[in-house]
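Quick notes on the structure that follows.
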Amino acid sequence: MNFGFLGTILTILLVVGFITNVVLAFVIIFLERDRRTASSTWAWLFVLFVLPVIGFILYLFLGRTVSKKKMEKNNGDELHAFEDLVQDQIDSFDKHNYGYINDQVIKHRDLIRMLLMKQDAFLTENNKIDLFTDGHKLYEKVLEDIYNAQDYIHLEYYTFELDGLGKRILDALETKLKEGLEVKLLYDDVGSKKVRLSKFKHFRALGGEVEAFFPSKVPLINFRMNNRNHRKIIIIDGQIGYIGGFNVGDDYLGLGKLGYWRDTHTRVQGEVIDALQLRFILDWNSQSHRPQFKFDQKYFPKKIGDKGNAAIQIASSGPAFDLHQIEYGYTKMIMSAKKSIYLQSPYFIPDQSYINALKMAANSGVEVNLMIPCKPDHPFVYWATFSNAADLLDSGVNIYTYQNGFIHSKILMIDDEISSIGSANMDFRSFELNFEVNAFIYDEDIAKQLRQAFEKDIEQSKLLTKKVYDKRPLSIKFKEGLAKLISPIL
């Protein structure tokens, strides 16, 4: 065996690996610095240093950013009307010329004004909201609304499993296709990894349209696996909408290994449907290879039915956005709280500024309550969540671990006045990497319903104390330390 030759090959590979690492480090530090937080940059440099070649491969799958141009393709001049609406609302707030009937709109005008800096986050009024915390009740209503649809049905989901629940919904959609309705389904290619377009052959033969978000172009390999569409929305006839945390699948009915699935979702009616419809059209056009999905008037009809009193903004965020509106909205709400804060999130891995905001609120006398799962669905994420939550104990934050199955709810509510419900977790992935959508709701009734639901959850939770946390074994401390170190890339 020619060991000299093998040594030469090994040397060449090491040199190539070193040069590749240096180039990639240069890209991360300088060329993508505007799209990354400092913690993310350091985390990736750590991975490259510890795992020179493997780190490069991981970066190809997990580290690349998303082009804003790609996400805004096919929309042309269609957005001008919404941009004008947002600018008019900004002007009215700047001139203190409100004209709104909802007291919470005036009281929290600073939050509203901030969210308006993204063109799809226009303020809507006269909205009716129904709250769901149980998957069975939610999807009974969803199926009823689908069967009652008259014109079109649009669905966008991170996970759309074709199991018992998924097949029931697909059957309902195919029934409406036979009646001549328009049906569009956008699912995430990684979140719905068991599903392929070929599974929708009959659905498409009936005239249904289906698209996968950032699909893999190479079998078993997806170079966009770290930037996923985590949104969960439905629009029916431009009159009814759904937004929240529930995906489609039997797991979300409590039939999976994690047991009972506790989540939060809303059914909405009113002006807010136009905002959900806009979000769907933008996302569909970013992925579809078909002719542009037009902003036809039929998708933004005059609203009928009972009017509610809630004001709502639909805020979106994602790696192609200049502003992280949901993260900003969460932080602004926390800093605005005067009496109480209620938080639920399955994954709690925010940056230090978010942690500090909660500490400052608690140290200022605000009652801060955080609820997280007692069991992991992703081990590293779980330990990072636990470690971050425990950091708040010294400030007097109440930390609850939910015991009755798995809590997947993503809500923030302050002062029994305003709340946020949607797909975004309180973590780096939701704030920086995934495409998310949340409803910021200015309505005391919904806020109080969320508090009541939280208090009911407390009955099935354990309070985490400093005394108990400090007694955790060394193995747990090691897991937490490692998970926290790599949390910016989890």
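Every residue gets a Cβ built from N, Cα and C, even glycine.
Taken verbatim from Swiss-Prot:
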type	residues	note
ACT_SITE	H230	active site
ACT_SITE	K232	active site
ACT_SITE	D237	active site
ACT_SITE	H408	active site
ACT_SITE	K410	active site
ACT_SITE	D415	active site
DOMAIN	225-252	domain 'PLD phosphodiesterase 1'
DOMAIN	403-430	domain 'PLD phosphodiesterase 2'
TRANSMEM	9-29	transmembrane segment
TRANSMEM	42-62	transmembrane segment
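Positions of the features from Swiss-Prot, shown on the structure.
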residue	record	DSSP (3 states)
H230	active site	coil
D237	active site	coil
H408	active site	coil
D415	active site	coil
Reported mean pLDDT - the domain 'PLD phosphodiesterase 2' (403-430): 96
Residue pair H408 (active site), H230 (active site) - Cα distance, angstrom, rounded: 13
Whole-number Å value for how far K410 (active site) lies from H230 (active site) (Cα to Cα): 12
Cα-to-Cα gap, D415 (active site) vs K232 (active site), nearest whole Å: 27
K410 (active site) versus D237 (active site) - Cα distance in angstrom: 27
Residue pair K410 (active site), K232 (active site) - Cα distance, angstrom, rounded: 12
Residues satisfying Cβ distance under 8 Å from K232 (active site), sequence separation of at least 6: E156, Y157, Y158, Y242, I243, G244, G245, F246, N247, H265, S423
